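Undergrad: Okay, here's the structure, questions in a sec.
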Amino acid sequence: MTKRVAILISGGGSNMIKLVESMVGEHPARAVLVGSNDPQAGGLKKAAEMGIDTFAVDHRPFKGDREAFETELQAHLDAAKPDIVCLAGFMRVLTENFVRKWDGKMLNIHPSLLPKYKGLHTHQRALDAGDTEAGCSVHLVTAALDDGPILGQARVRVEPGDTADTLAARVLVQEHKLYPAVLERFAGGSTDPIILG
Ligand code: GRF
């Protein structure tokens, strides 16, 4: 049975595009919905151009009431009945209650070699620490932020003169390879980790 995938974004959606483009042919899943907490997110227009249903629930009017925001988010997801939810540059922290509803079915991509550098500004923190390598991780989403079981990682060497931006750009190239590879394996029923680079 082909798995139904919903993707949540907050920005341009470059990871979302790679995921959608990868779900063709023999792939065990298909994208059925792309949603965002920002109605102006550039990725929504791109998803619509690729023929995917889209929605937006603006988090700002909820003034920090995450449960109320998530109730609306959940309603859109329930209507599409996804088997898997992919967070791809989705920048809202989800409550434990919401995460529990999608236990074992929600993935996230994070731009660091977890468990290092959970949260924000991952590349600057790697540079400040003098790390010789950085990277990205795809993990199952649990209640603790950026903490769930790791399904894949890609390593990138830190180059002399790197800034957070130059490092982020090289890591993003790896994200675009790692996330589709992990999703294909996960949708096929395996949680064996994938290690790139
Ligand atoms: C990516 O680097 C992702 O790891 C992080 O946010 C960025 C989103 O990029 N969470 P995009 O919206 O997929 O282009």
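Each Cβ is built from the backbone N, Cα and C atoms, and glycine gets one as well.
All annotation found in TrEMBL is predicted automatically rather than curated by experts.
Pulled these features from TrEMBL for this protein:
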- His110: active site, proton donor (ACT_SITE)
- Gly13, Ser14, Asn15: N(1)-(5-phospho-beta-D-ribosyl)glycinamide binding site (BINDING)
- Arg66, Asn108: (6R)-10-formyltetrahydrofolate binding site (BINDING)
- 3-183: domain 'Formyl transferase N-terminal' (DOMAIN)
- Asp146: site 'Raises pKa of active site His' (SITE)
Undergrad: Look up Ser14 (N(1)-(5-phospho-beta-D-ribosyl)glycinamide binding site) in the DSSP assignment and reduce it to helix, strand or coil.
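TA: Where Ser14 (N(1)-(5-phospho-beta-D-ribosyl)glycinamide binding site) sits, the three-state DSSP reduction gives helix.
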Undergrad: With Cβ-Cβ distance below 8 Å and at least 6 positions apart along the chain, what are the contacts of Asp146 (site 'Raises pKa of active site His')? List them in sequence order.
TA: Asn108, His110, Ser112, Leu114, Lys118, Gly119, His139
Undergrad: Give me the sequence-ordered set of same-chain residues, not including Gly13, Ser14, Asn15, with a C-beta within 8 angstroms of the centroid of the N(1)-(5-phospho-beta-D-ribosyl)glycinamide site's C-beta atoms.
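TA: For the N(1)-(5-phospho-beta-D-ribosyl)glycinamide site the neighbour list reads Ile9, Gly11, Gly12, Met16, Ile17, Lys18, Leu19, Gly43, Ala88, Gly89, His176.
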Undergrad: How many whole Å apart are the CA atoms of Gly13 (N(1)-(5-phospho-beta-D-ribosyl)glycinamide binding site) and Arg66 ((6R)-10-formyltetrahydrofolate binding site)?
TA: 22
Undergrad: Rank the binding-site residues Ser14, Asn15 by the number of other Cβ atoms within 10 Å of each Cβ, and give the residue at the low end.
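TA: Selected from the binding-site residues Ser14, Asn15 on minimum Cβ neighbours within 10 Å: Ser14.
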Undergrad: Among the recorded positions Gly13, Arg66, Asn108, His110, which residue has the fewest other Cβ atoms within 10 Å of its own Cβ?
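TA: It is Arg66 that, of the recorded positions Gly13, Arg66, Asn108, His110, has the fewest other Cβ atoms within 10 Å.
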Undergrad: Of Ser14, Asn108, Asp146, listed as recorded positions, which ones have a Cβ less than 6 Å away from ligand 1?
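TA: Correct list: Ser14.
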Undergrad: Tell me the Cα distance separating Arg66 ((6R)-10-formyltetrahydrofolate binding site) from Asn15 (N(1)-(5-phospho-beta-D-ribosyl)glycinamide binding site), rounded to the nearest angstrom.
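TA: About 25 Å separates the two Cα atoms.
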Undergrad: What whole-number Å value do you get for the CA-CA distance of Arg66 ((6R)-10-formyltetrahydrofolate binding site) and Ser14 (N(1)-(5-phospho-beta-D-ribosyl)glycinamide binding site)?
TA: 26
Undergrad: Helix, strand or coil for Asp146 (site 'Raises pKa of active site His')? Use DSSP.
TA: coil
